[in-house]
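**Q** Here's a structure for you.
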Amino acid sequence: MIRVMVTRALVLIHAGVAALWLGSMAYSLFVVQPKLRAIAQDHEDAQRTLAHGNRRPVVAMITVLWVTGIALTARQPSATAAAKAGLLAAATAVFWWVSWRGWPRRVFALPAELPALQRRFRAAALAMFALVGAAFAISYLW
């Protein structure tokens, strides 16, 4: 009975955090960022303001996903878990690049360098969204 309750709690935490991360990315990509371009003359400054302080919460979400995913896999190993781990590893790597490589470049970029960096960031964000979305979908489809 305790084992079942712990497993259910882990699943709820894991799925809830995955949904939170996926929903946050969707809202940012498809609602907030397009509106910033329309309402802010200097949307780059607006993006910096919105992004400030977001690294820690995302690192916390990724950590929770890894810890709960490992705990769930230890309880019941599966090919699905391996696929999800691969997708999460890829999303984690993209996030690492954005946070610790791409963002410093963007903050200190010359105005002429910004358009290319903005396109690269958009591609990275869409890749992360697709990776996390695929992992989320796998959880429920298999």
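Going from the start of the chain as shown, residues are counted 1 onward.
Placement of Cβ uses the backbone N, Cα and C atoms for every residue, glycine included.
From TrEMBL, for reference:
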type: TRANSMEM; residues: 12-32; note: transmembrane segment
type: TRANSMEM; residues: 58-75; note: transmembrane segment
type: TRANSMEM; residues: 81-100; note: transmembrane segment
type: TRANSMEM; residues: 121-141; note: transmembrane segment
**Q** Cβ under 8 Å to the transmembrane segment (121-141), counting only same-chain residues 6 or more beyond its ends: which ones?
**A** 15, 18-19, 21-22, 25-26, 28-29, 80, 83-84, 87-88, 90-91, 94-95, 97-98, 102, 106
**Q** Determine which residues of the chain contact the transmembrane segment (12-32) at the Cβ level, with the cut-off under 8 Å and only residues 6 or more beyond its ends counted.
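**A** Non-local partners: 50, 58, 61-62, 64-65, 68-69, 72, 125-126, 128-129, 132-133, 135-136, 139.
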**Q** Do any residues, 6 or more residues outside the transmembrane segment (58-75), come within under 8 Å Cβ-to-Cβ of it, and if so which ones?
**A** 3, 7, 10-11, 13-14, 17-18, 20-21, 81, 84-85, 88, 91-92, 95, 99
